[in-house]
Structures are given as C-alpha cells and as structure tokens.
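Peer 1: Dropping a structure here in structure tokens format, bear with me for questions.
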Amino acid sequence: MDKLIIFDTTLRDGEQAPGATLNEREKIEIARQLVTLGVDVIEAGFPISSPGDFRAVNRIASTVKGVVICGLARAVTKDIDAAYKATKPARGGARIHVFLATSKIHMQYKLKKAEDEILRLATESVKYAKKYTRDVEFSPEDASRTEPEFLFRVLEAVIKAGATTVNIPDTVGYAYPAEYGALIRSIHERVPNIHRAVISVHCHNDLGLAVANSLEAVKSGARQVECTINGIGERAGNASMEEIVMAVKTRRDSFPHVTAAINTQEIYKTSRLVSKLTGFVVAPNKAIVGNNAFRHESGIHQDGVMKKRSTYEIIAPEDVGFTGTSLVLGKHSGRHAFEKRLAEMGITVSGDELVRAFEKFKELADKKKNVYEEDMVSLIEDEINKPAEIWQMAAVSYASGTHVTPSATVRLKKQGRGFSVTSTGDGPVDACYKAIEKITRIKTRLLDYRIEAVTSGKDALGEVAVRVQSGKKIAMGRGSSTDVIEASAKAFLNAVNKLASKKKGPDGTLPL
Ligand SMILES: CC(=O)SCCNC(=O)CCNC(=O)[C@H](O)C(C)(C)COP(=O)(O)OP(=O)(O)OC[C@H]1O[C@@H](n2cnc3c(N)ncnc32)[C@H](O)[C@@H]1OP(=O)(O)O
Ligand SMILES: CC(C)C(=O)C(=O)O
Ligand SMILES: [Mg+2]
C-alpha cells in the first residue's frame, strides 16, 4: 500500500483567502496542531511576500519538529533565496516549492512570455533551488488549462533538473473529475521520467469539485494531495483536508492502494482552531467538521440512529474527535428521541403523560428554533405535574430610561383579590422581580435568564426563560409577550408559582 502524502497549505494558500490573514504567533499555533494531526508537509508561507511571513515561516521551521516545512517561491532567484533562508532550520526537512504558470492565457497575458522562455525559466529555477535542498517541488500553475503536450515537456524538463515532486494545480477549479483523472494518467504515460518524482495535486473549489478532483487524481496515480483545513483558500477555497482524508478512510474499498497517516481524532480540534484564528466560521452543514455533520433532528433518522448508528452515520463522530450531542430535539423530532432525551435527564414518563408531553413539545418546537433542556423540564412540570397557578398576572407597568431610576408596578391576583406593589431595581426587569417577591413574600435568587425571539419582525414575540431558586427548591419559568419586560415578569411569576406549589404554606406561599 502506498503512502498518501498530506501536504497542508492552510498557512499559505489558505491564508491567501481574503480576510484569513494570520500573524506569526497564530501561524505557529496552527503549525503545531498540524503536526499533532500528522500531516507530512506544511507549506508554511510565501517567504518573499512580506517580512512577517518570512519570520513566521522561519520560526515554524526552527520550532515545529517532525514535519517537512515548505516555502513557496516564484521562478525568481530572490524568491528562492528567501524560501531557502526561511525554511533552512527545519529539522524534519526543508522543501522549496517553485511555481510558474504554463497555460496559454497565463503565459501570454500575465507573464508575457513564450513557451521556450517559460521552459527555460522553470528548468533554471528548479536547478537553482536544487543547490539549496534535495527536496524541490515544481508547480506548472494552471496545469489543468495547459496544452497537454507542453505540460508533458515542462514536467520532463523539471524532473530532469531535479524536481522530486511535480504538482498539477487546477488553479482556477476548472477541471472535473473524469477529465482531471485522465490528465494524471496521461502524465504517467507520457512523461518518460515521471517515476523519479511524486505526482501531487492541488485543486481549487470554484465549481465545488476540489475534493472530487483530488480523489479521482489519487485513483489515477497521484500520491500527494495539497489541501487545507476547512477547505479555506483562494476564492472558493482549496480541497478540504478532512474530506479527502475521511473519504479515503471511509471508502477503503475504493482506495485500497493508499493510506494517509493522519490522526483523525484531531480533525475536529484542528478545524476549530483554524476557524477561531482565521475568523472563518465553519458552515453547520460542512462535511466532517460542520456542527450538524453528526447531528440528527429528524425523527425517522433519530429512531434509525438509536436502533443502529450506521443507518444514518457513515463515520463514527469520535473518529474525527466530535463529542457533541448527536440527537437534537426540534419540530422534526419523533417520540423515540423525545423519550430518550427525557430519560437522559432522569425524567421517566410513559403512557398518556408521554403522549401529552410530546404534543406540547411539538407545539413548542413549532415556535422555537431550539428546544433546550430547561424547556423540556418546564414542559414536563407544566403538563404533567400541573402546578397550580396560585398567583395570576393582572398588570405590569414600568418606567426606565437615561437618568431615571428604574421602577415597576406589578398587580397580581390571588383567589379574586388584587395586590399591587411598586418597586425600584437595577433595571425594569429587576424592579418587576422585586415587586413580585414583595407581593408573594417568596425570596428568590435568579440563577439563569434567557431571552429569545420566537417570531420574526418588528412585533416579534419575545420568550423569556428563567431559572429561579428559593431555599433548596429550583424552578424554571417561561413567559412570552411582544413586550420583553412583561415576558420577563410572566416568566418569573411562572417560576414563583411552581416554587409556591412545591412547598405551599396555608395560603399558598413559601415561608420567607
Ligand atoms: C496560484 C497562486 O496561489 S500563486 C501565489 C499567489 N500568492 C500571492 O501572490 C501572495 C504573495 N504575493 C505577494 O506578496 C506579491 O505579489 C509578491 C511579493 C510575490 C510580488 O509582488 P510585486 O513584485 O509587487 O509584484 P506583483 O504582485 O504586483 O506582480 C506579480 C509579478 O510577478 C510575476 N509573476 C507571477 N508569477 C510568477 C512566477 N511564478 N514566476 C515569476 N514571476 C511571476 C508577474 O508576472 C508580475 O511580474 P511583473 O511585475 O513583471 O509584471
Ligand atoms: C502555487 C500554486 C500551487 C497554487 O496555489 C495554485 O496553482 O493554485
Ligand atoms: Mg492554489
């Protein structure tokens, strides 16, 4: 079985994504994690591009061990000198990666050079880099749009000049899998000295085909893939490392001939580090590392996963280091998952109670994006234990603003009698809560307060969820209104009623 060399270019091509710029310290932190992940080569940067990038590549080469450190260079001697100087301290090996475009469009309009001049420059640059290190990679940029005959000539020449890896970039993400695979096979057939070099692939995602193209290339004889964590990179990005590695591992039947030495349990952690430091949020539906990659909300899927995981999961989440909850409750969930979640929370309901609680859950899930654990507890308390509504909310009014001491007047009813109290507080919500405490004579501590919009638009309904403690008792409360202060007061009173009914005095109040 051949080794599939994983060449990580998160710190070079990944960092070229607008907005992804990393400083020296951040690059080192990512490089260290890439070593823990087990990549074979780290393309740490483009040393000529800035003094900061030179320093970052140089620091990585000096401090990050156990991996080949690569620096990118144009076919220009000062770039190659800088790449050499920056990568020189690498103990695991230093690689110089020289690139030069070979497609007609790039040669004519960008480089303004003819084929012969390109061939000469490519060969001389590789020879020049070869003076510095044994490990030289050459990339004919835009290879997939290069005239095949010219591409074969360039590859043969650079291998003769000493290139040990020849990379075939699909620079603009133009290729599609069958075509790209055929290109790799034709290189095997038409470049006489190809056996002296490793064929590498470097695919961009402009048509969403970067991973598919890379995999097809591996099937066709490529033995190095250039990729980035989370697929970040120029424009639509590069081929995503985690997708390639997990595809090769999961579909061993299709890739029996290669193996990648990646410690896959580190994938999720690496993804989150790169996301945090670049500021590029990972889409929830991103393969392998998206938040939803291993989560199920649909009842039929949840039921299947509970009965046999592999009905809907082709990868074990722990294989990529994902440890979050896999069953998410929402409007598409079914009874099996609902019951399981309750059981996990230590709540056992069955028969009619379960039917009722499930109906209420569906109603709530229709309104809310997320059904939290506290919502479940509150739902069970409301629907199953049915606490008596000892105090009813009659009215709330409040005053607040700049240079105004927040105050609230709350009017509650109990057994037909009205009670009204005005109180001040740290804000209108606090003033309401103090007024309710005074009327009910229940002393509380607010443990948690959460507010979210359950409908959209200017008249959105705000729902407040609170967790309130009195003595040793804790109760959840929920309240909704288009006025968030009123919703807050309702939620608090809902919790206070539960506390009162949990330990009623003769008049339904808790002892102070
Ligand atoms: C496909 C890829 O990802 S390639 C890598 C792309 N990455 C980057 O460009 C990031 C870092 N780049 C930089 O910091 C700068 O572009 C530098 C330092 C490399 C060069 O900066 P400048 O000297 O100011 O040149 P500028 O970027 O404006 O133009 C590029 C020049 O390099 C030439 N060039 C482009 N590719 C190559 C190459 N592979 N070999 C030789 N020359 C090249 C261009 O033709 C142009 O030359 P010209 O000035 O004679 O017209
Ligand atoms: C420098 C080369 C390999 C590149 O990034 C590309 O062609 O996309
Ligand atoms: Mg690229």
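Every residue, even glycine, has its Cβ placed from backbone N, Cα and C.
Since the structure is predicted, the reported quantities are computational estimates derived from the model, not experimental observations.
Feature table excerpt (TrEMBL):
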BINDING   Asp13, His202, His204, Asn238  Mn(2+) binding site
DOMAIN    4-268  domain 'Pyruvate carboxyltransferase'
REGION    392-512  region 'Regulatory domain'
Peer 1: Sort out for me which one of His202, His204 has the most neighbouring CB atoms within 10 A, since those are the binding-site residues we care about.
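Peer 2: Buried the deepest by this measure is His202.
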Peer 1: So how many of the residues in the region 'Regulatory domain' (392-512) end up helix, strand or coil by DSSP?
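Peer 2: When I sort the residues of the region 'Regulatory domain' (392-512) into the three classes, I find 32 helix, 56 strand, 33 coil.
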Peer 1: Centre the Cβ atoms of Asp13, His202, His204, Asn238, go out 8 Å, and tell me which other residues of that chain have a Cβ in range of the Mn(2+) site.
Peer 2: Thr9, Pro169, Thr171, Cys203, Asn205, Ala210, Glu226, Cys227, Thr228, Gly233, Glu234, Gly237, Ala239
Peer 1: Filtering Asp13, His202, Asn238 (binding-site residues) by proximity to ligand 2: which pass a Cβ cutoff of under 6 Å to any of its atoms?
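Peer 2: Correct list: Asp13, His202.
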Peer 1: Which is it, of Asp13, Asn238: the one of these binding-site residues whose Cβ has the most other Cβ atoms within 10 Å?
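Peer 2: Within the set of binding-site residues, the most crowded position is Asn238.
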